[in-house]
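What follows is a short report on a single structure.
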Amino acid sequence: MSTTDTIVAQATPPGRGGVGILRVSGRAASEVAHAVLGKLPKPRYADYLPFKDVDGSTLDQGIALYFPGPNSFTGEDVLELQGHGGPVILDLLLKRILALPGLRIARPGEFSERAFLNDKLDLAQAEAIADLIDASSEQAARSAVNSLQGAFSARIHQLVEALTHLRIYVEAAIDFPDEEIDFLSDGKIEGQLNGVMADLEQVRTEARQGSLLREGMKVVIAGRPNAGKSSLLNALAGREAAIVTDIAGTTRDVLREHIHIDGMPLHIIDTAGLREANDEVERIGIERAWNEIEQADRVLFMVDGTTTDATEPAAIWPEFMARLPATLPITVVRNKADITGETLGLTKVNGHSLIRLSARTGEGIDLLRDHLKQSMGFTSNTEGGFLARRRHLQALETAARHLVQGHEQLVSAYAGELLAEELRLAQQSLSEITGEFSSDDLLGRIFSSFCIGK
């Protein structure tokens with residue numbers, strides 16, 4: 001679809017509201033203003049005007065704002081009409097504008113896409129707009145604003161610039177091998193490369209924090225029936241999210257709760273008790289439980305402390321441990337400490353975390369919250385931090401891998417050509433984050449996830 005068309009969309013959420021905004025972007029924005037307003041508003045000044053239909057009747061009245069390109073959000077001529085937020089009024093106004101020649105409805109994210117294509121935003125900043133809208137906590141919102149203002153992009157540009165300087169030295173060493181100073185063997189390039197690798201690792205650490213803030217952690221509570229899984233879900237959620245009874249198999253389906261621990265989003269999933277199913281409904285619930293377990297970031301293995309003294313997971317339930325993915329982190333939760341009299345606390349058992357608590361009374365729940373936060377490496381002090389997506393983490397990981405391979409080529413064989421290629425590939429991976437090197441397919445996937453009017 002053409003990016004030279006003039007586009008229009010509602011920039012406020014659908015439904016009733018105090019204010020409804022229509023946004024127009026493109027070369028025909030001034031023609032829309034003349035047709036609907038009767039004049040072109042003074043640039044960047046709010047003008048209170050009637051919004052006219054084709055026959056001259058007034059559809060609504062409100063604020064009109066005109067931003068000539070390139071000094072606008074999209075870099076094109078932009079007109080905003082801010083009227084009353086009734087859906088009927090907005091639909092009538094939208095139909096009025098679409099009746100004009102050369103106008104069409106914007107695709108999801110097309111305003112932000114045009115801002116990116118016109119160099120008003122880089123790709124990381126454009127993504128931050130969607131992240132700010134979707135932020136589920138104050139900390140996530142603040143980090144999204146930092147990304148929108150260029151905090152993440154600035155770190156990436158610093159790394160790219162450092163790699164550019166490093167490539168200059170390497171290319172010089174390759175092109176002028178007979179010079180008195182051999183840059184490849186005198187340690188200068190290795191020292192600079194080590195510095196870039198250290199800086200990249202710091203950015204990766206901050207990006208992992210940003211990814212946790214954005215996407216959160218998926219924790220699945222699993223175990224036998226009546227181990228206290230639903231009670232634990234309620235204790236973590238701080239409300240009666242799940243029905244709790246003494247009847248084994250009360251939970252038949254997956255229950256989900258979304259909470260925050262010091263700003264970190266946590267997706268808690270309560271599952272059906274794992275056992276040989278008594279009927280088809282329970283069998284489906286248990287199958288769904290295993291599907292959730294296999295996709296978890298961490299499993300809370302819930303154990304009824306009144307039924308066993310074992311603390312080693314394989315000794316508690318060998319069949320359960322045998323089916324778990326080998327790389328999946330687990331925390332053994334020995335429940336019902338209020339009955340067994342066990343000392344509350346967190347310990348390590350053969351490399352596994354074990355916590356003793358009472359889901360019914362809430363004793364030990366704060367210890368579990370701290371453990372979940374620490375197990376993901378999350379720190380609540382992220383002043384100046386930024387949000388990151390999975391694709392950002394993948395690009396950073398790829399760049400780090402190329403730098404490690406380049407370092408190996410340098411120290412083992414002084415292979416300048418191979419080092420130069422690894423540096424180029426690392427730089428290319430970093431540039432994918434800001435969109436300086438991105439395929440059209442990637443851009444399409446990113447912007448299609450945005451709101452219509454963004």
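Note: Cβ is positioned from N, Cα and C throughout, glycine not excepted.
Some features that Swiss-Prot has for this protein:
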type	residues	note
BINDING	Arg23, Glu80, Lys120, Lys454	(6S)-5-formyl-5,6,7,8-tetrahydrofolate binding site
DOMAIN	216-377	domain 'TrmE-type G'
BINDING	Asn226, Thr245, Ile247, Thr250	K(+) binding site
BINDING	226-231, 245-251, 270-273, 335-338, 358-360	GTP binding site
BINDING	Ser230, Thr251	Mg(2+) binding site
Integer average pLDDT (0 to 100) for the domain 'TrmE-type G' (216-377): 84
Ser230 (Mg(2+) binding site): secondary structure state under DSSP, collapsed to three categories: helix
Fewest-neighbour residue among binding-site residues, criterion Cβ within 10 Å, set Lys120, Lys336: Lys120
Around the Cβ of Ala272 (GTP binding site), the count of other Cβ atoms that are within 10 Å: 27
Cβ neighbour count within 10 Å of Arg23 ((6S)-5-formyl-5,6,7,8-tetrahydrofolate binding site): 24
Alpha-carbon spacing, Arg23 ((6S)-5-formyl-5,6,7,8-tetrahydrofolate binding site) to Ser230 (Mg(2+) binding site), which is rounded to whole Å: 47
Candidates Lys120, Ala272, Ser358 (binding-site residues) - the one closest to Ser230 (Mg(2+) binding site) by CA: Ala272
Distance from Lys120 ((6S)-5-formyl-5,6,7,8-tetrahydrofolate binding site) back to Ser358 (GTP binding site), taken between C-alpha atoms, in Å: 54
Separation of alpha carbons, Asn226 (K(+) binding site) and Lys336 (GTP binding site) (Å): 11
Pairwise CA distance, Lys120 ((6S)-5-formyl-5,6,7,8-tetrahydrofolate binding site) versus Ala272 (GTP binding site), rounded so that it is a whole Å: 50
Site of maximum Cβ density within 10 Å, from binding-site residues Asn226, Ser230: Ser230
Arg23 ((6S)-5-formyl-5,6,7,8-tetrahydrofolate binding site): secondary structure state under DSSP, collapsed to three categories: strand
